[in-house]
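Worksheet for the structure shown next.
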2 protein chains.
Amino acid sequence: MELADYNLVFNSLSFAIATFGAGTVFFFAQRSQVAPAYKTALTLSGLVCLIAFYHYLRMFDSFNHAYVLSNGVVETTGAAFNDAYRYVDWLLTVPLLLLELVLVMRLSKEETYSKGTKLAFAAALMVALGYPGEISGDVGTRWMWWILAMIPFLYIVKDLVSGLGASISKQPKAVQGLVSNARTLTILSWTFYPIVFILPMLGIGGLVAGEVNAAVQVGYTIADIVAKAMFGVMIYMIAQRKSDAGA
Amino acid sequence: MELADYNLVFNSLSFAIATFGAGTVFFFAQRSQVAPAYKTALTLSGLVCLIAFYHYLRMFDSFNHAYVLSNGVVETTGAAFNDAYRYVDWLLTVPLLLLELVLVMRLSKEETYSKGTKLAFAAALMVALGYPGEISGDVGTRWMWWILAMIPFLYIVKDLVSGLGASISKQPKAVQGLVSNARTLTILSWTFYPIVFILPMLGIGGLVAGEVNAAVQVGYTIADIVAKAMFGVMIYMIAQRKSDAGA
């Protein structure tokens, strides 16, 4: 690993720890500012950041056990960087992110339950299908799992576009734009993940199973910050505006 | 221990830490969303997750002291993985889980007390009888304690099916299905434990006292997540629906 890559991964992991720690406190503190109907969405935003905070602490630790910087030279220690932390994190947080979006729309109880269950299940399936590809050093194997994971991914996108589309038009005028933006942010930031996944298959950053690819690590970290923390702030703004409007 | 088994145990223990940490915060945060009659049930859900969070942190630590991964090879250090953490955890959490279910049903004060005491005592007895078998490397000894622990286990199942059955029909219509599902989830997830217990007796994953059996560790971890965190979410949904209905 090059020194520049080492520094980039090291500092972006630490940046994520700070962001998600702050996000956790923000969402729990601001939970008191929204109407009761939206408190659960804020709780979930806080939990997503808390879970990410935990996993970035672990990843930072794992990275520092796998690589040591000595006299300007990056050395491997023999310990492996544990890539699984990201997938374990996503298995928990990605369903919660979709639930945040469904909850803040305040659909009927039945619709919330059925839509929430379907989307959360598809999200967990998507993450589980991506993992065998991520830990593989073989391009063909990576493509196969990538394609399989894209099936639930496209299902979710389709449901967000068409299914939630109808519900957005029923939202109060003051938040229709914000809800629509939150949906767009979800789709765009989520699209970032499968792109980062294929970077090593395109020859960017190298592909050796068990070795850290700096482009992938920095890419996933940026995607996480957008999809979790920034998305959570949008959910909070929607919840607050709807609370003010008494909706 | 094989590398794949090591990774599976390592990552599932970390997954449990994240789940129970998030669960603890969720139940205490959402406690404000239910009527006073149900706050104790939410407190117990939060405590169950907090106790599990503590024990999984300890188990993760114990596992990392017993095994070390170096250059892709798993090595034993001579330190033993402490299996007792699971039993100490269950001794506290299993009675609390039954109390959650009894409390959320909001029976009469007398019935809550007598049912709660009986079920909690049987649960503690069940866990205490399982432990001598768990730490034994002898198949005959394991079967003996397994059979003894199954006596309070079957008593609890019988009481949940017949005793609580009558009370479920007295619940508000809107939650009868949910309460019945929570009872089914309890019975199914609890049945998972005695099955995981006998895996090594059936030759799955090996049976050497003091050595980690990956199938057993992952099995118990999945069972814990379903029986504690998922069950807690169902209790929360029942409590919230009953609060909304003023029941």
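Note that Cβ sites are derived from N, Cα and C of the backbone, with glycine treated the same way.
If one looks beyond the transmembrane segment (A:6-29) by at least 6 residues along the same chain, the residues whose Cβ comes under 8 Å of a Cβ in the stretch are 42-43, 45-46, 49-50, 52-53, 56-57, 59-60, 63-64, 67, 69, 74, 212, 214, 217-218, 221-222, 224-225, 228-229, 232-233, 236. Residues or ranges marked as transmembrane segment by TrEMBL: A:6-29 (among others).
Long-range contacts of the transmembrane segment (A:41-57) within the same chain, counting only residues at least 6 positions beyond its ends with a Cβ under 8 Å from a Cβ of the stretch, are 13, 16-17, 20-21, 23-24, 26-28, 30-31, 34, 85-86, 88-89, 92-93, 96-97, 99-100, 103-104, 224, 228-229, 232, 235-236, 239. Taken from TrEMBL, the feature transmembrane segment covers A:41-57 (among others).
If you look up TrEMBL, you'll see A:90-107 (among others) marked as transmembrane segment.
Annotation source TrEMBL lists transmembrane segment at A:119-137 (among others).
Here TrEMBL flags A:143-166 (among others) as transmembrane segment.
Long-range neighbours of the transmembrane segment (A:187-208) within the same chain, counting only residues 6 or more positions beyond its ends whose Cβ lies under 8 Å from a Cβ of the stretch, are 5, 130, 133-134, 137, 139, 142-143, 146, 149-150, 153, 156-157, 160-161, 214-216, 219-220, 222-223, 226-227, 230-231. For A:187-208 (among others), the entry in TrEMBL reads transmembrane segment.
Same-chain residues lying 6 or more positions outside the transmembrane segment (A:220-239) and placing a CB less than 8 Å from one of its CB atoms are 12-13, 15-16, 19-20, 23, 26-27, 30, 34-35, 38, 41-42, 45, 48-49, 52, 86, 93, 97, 100-101, 104, 175, 178-179, 181-182, 185-186, 189-190, 192-193, 196. Under the heading transmembrane segment, TrEMBL lists A:220-239 (among others).
Within its own chain, the transmembrane segment (A:143-166) is flanked in space by residues 98, 101, 105, 115, 118-119, 122-123, 125-127, 129-134, 136, 183, 186-187, 190, 194, 197-198, 201, which lie at least six positions past its ends and keep a Cβ under 8 Å from the stretch.
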